[in-house]
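Since the structure comes first, as structure tokens, the remarks are kept for the end.
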Amino acid sequence: MNPIVLDGGLATHLETLGCDLSDDLWSARLLTDDPRVIRQAHLDYFRAGADVATTASYQASIPGFVRHGLTSQEARDLIRLSVTLAVQARDEAGHGLVAASVGPYGAYLANGAEYTGDYDLDEDGLTEWHRERFEILADAGADLLACETIPSQAEARALARLLRETPSVKAWVTFSCRDGEHISDGTPFEESAAIFADLPQVVAVGVNCTAPRFIPDLIKRGASIVYPNSGETWDAANRRWLGLADPVEFGRAAAGWASLGARYVGGCCRTTPAHIREIRSQLT
């Protein structure tokens with residue numbers, strides 16, 4: 001059976017559609033400013049061949065919105081809206097699933113901590129930080145949750161707690177990884193994935209927002225869902241991306257990941273509908 005094709009970088013495509021995402025709310029800012037363009041971006045991915053739309057809730061959190069002047073109720077409504085927009089796009093496309101993005105605590109911090117796991121909260125604190133948004137997204141009409149870009153053992157255990165409390169909620173879980181063996185905080189990938197081994201509602205555990213060169217080794221260590229970055233690298237000093245990630249090459253790489261056993265494949269940062277179209281082409 002062919003793997004399920006995920007979408008690509010939502011923020012990346014929104015930028016190509018002319019959106020300014022320089023705010024620390026990232027694509028979540030558009031939930032207030034221009035929700036129609038989010039729906040269009042989801043639709044573009046479905047039309048490129050994606051089986052799944054991942055919602056614009058990665059950066060969305062109640063404290064994050066409140067920090068930007070919204071009320072708690074307005075924040076809750078926007079988090080629900082992120083799912084509604086993806087559902088509308090799915091219905092217009094006539095096929096597919098909606099995965100509600102549960103981004104890491106580091107996305108709220110907006111300091112790069114989602115790639116290090118260097119947090120100021122312990123497991124209990126992370127559980128409570130995630131709880132309300134998790135519950136809102138679980139009840140908003142998505143087909144499953146995408147618990148993604150998890151950098152640390154503590155955050156993985158916090159999310160596992162919440163999943164145990166809601167056994168009817170399906171989810172996938174993906175870690176950000178520093179290499180082909182370890183998640184971002186240095187814990188071995190297999191050890192991190194094992195946290196979710198006794199949770200039957202978890203449909204896949206794997207990796208996202210990671211360099212594509214590490215993906216084959218991570219699949220060999222048990223990753224069944226993979227959606228890495230394009231292959232470009234971020235030059236923080238000059239604030240620009242370096243290198244060129246060709247969609248055709250990315251599609252060929254994705255076919256290789258599928259042959260190694262990945263059951264879900266897609267793209268993360270700097271990937272576009274063109275990358276997803278090539279994945280679909282290579283897997284058909």
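A Cβ is built for glycine as well, from the same backbone N, Cα and C atoms used for every other residue.
Feature annotations, reproduced from TrEMBL:
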- 1-283: domain 'Hcy-binding' (DOMAIN)
- Cys209, Cys268, Cys269: Zn(2+) binding site (BINDING)
Quiz item: Non-local Cβ contacts of Cys209 (Zn(2+) binding site) (under 8 Å, 6 or more apart, same chain)?
Solution: Glu114, Tyr115, Glu148, Thr149, Thr174, Ser176, Pro228, Asn229, Cys268, Cys269
Quiz prompt | Remaining residues near the recorded Zn(2+) site, that is with C-beta within 8 Å of the centroid of the site residues Cys209, Cys268, Cys269 | solution = Gly9, Thr149, Asn208, Thr210, Tyr227, Pro228, Asn229, Gly267, Arg270, Thr271
Self-check item: Within the predicted model, mean pLDDT of the domain 'Hcy-binding' (1-283)
Solution: 95
